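K.L.:
Annotation comment: Swiss-Prot describes 9-16, 22-23, Arg61, 88-91, Lys99, 115-116, 184-185 as substrate binding site, evidence class sequence analysis. The annotation active site, tele-phosphohistidine intermediate is assigned in Swiss-Prot to His10. As annotated by Swiss-Prot, active site, proton donor/acceptor applies to Glu88, with the evidence given as sequence analysis. The site 'Transition state stabilizer' annotation in Swiss-Prot covers His183.
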Amino acid sequence: MTRKLVLLRHGQSQWNSMNRFTGWVDIGLTEQGHQEATMAGHLMKEEGLEFDVAHTSLLKRAIHTLQDALKALDQDWLPIYKSWRLNERHYGALQGLDKIDTAAKHGEEQVNIWRRSYDIQPPPIDLDDPSHPMRDRRYAALDRKVLPVTESLKNTLERVLPYWNDAIAPQLNDNKTVLISAHGNSLRALYKYLNQESDEKILNVNIPTGIPLLFELSDTLQVVSYRYLGDPDAAQRAAEMVANQGKAK
């Protein structure tokens, strides 16, 4: 019997709509983002998914997406676990910058490397930057040494994996059906891990907002199959839109 896991990237955020790098900045959803989250819930309901537990990050765009989706699923009562380890990749000094302006300044190739490569970090924020996570009380209990000032996708995977191993994998091994509402890069990290994707191929993997990605896993948590729910062509178009965000006009 296969285990079921759904990865759900949050709906469109206010900075997604403005084409800005977001990272750990706590930006809310647009109205379209709420609608995407609700539609995701309907798609999961149509699939007949009955979850046992849900996980999300400490950022409200993922939290609110989960809330909207669970309401549409009529599964608001589910236990929800939140962890900083599911936060978006920290984009360092790029956070808040317009992606098109950044591509015009540094070149599309460089921006694409910063956005989609596996092991290259963007420039870091300074320790005295007001947006440094150590100044955010939601991270007050964490050792400052673990708080990032920039991250590559590799760093993000190294951050996410302990939570996968300690919290999520044991639930799947207990035959629970699990929903994760998180972010483009924390989910790309899990996608890479689950599919054993190469460092080169992950460059071209783009996860669209608000479309559930259903994995069926074996009893050893190996991938049996995975697919986006709903219209596959719509998911492909949405992924292409994500890929084009870092291109100069």
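Numbers here mean position along the shown chain, with the first residue as 1.
Each Cβ is built from the backbone N, Cα and C atoms, and glycine gets one as well.
Describe the structural context of these features.
P.N.:
Counting every protein chain shown, the Cβ of Arg9 (substrate binding site) has 30 other Cβ atoms within 10 Å.
All protein chains considered, the CB of His10 (active site, tele-phosphohistidine intermediate) has 34 other CB atoms within 10 Å. Annotation note: His10 (active site, tele-phosphohistidine intermediate) sits in a coil segment as assigned by DSSP.
Secondary structure from DSSP puts Glu88 (active site, proton donor/acceptor) in coil. Close to Glu88 (active site, proton donor/acceptor) in the fold, though at least 6 residues off in sequence, lie Thr22, Gly23, Trp24, Ser57, Leu59, Ala182, His183, Gly184, Asn185, Ser186, each with a CB less than 8 Å from its CB.
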K.L.:
May I ask for the distance between Arg89 (substrate binding site) and His10 (active site, tele-phosphohistidine intermediate), taken between their Cα atoms and rounded to an integer number of Å?
P.N.:
14
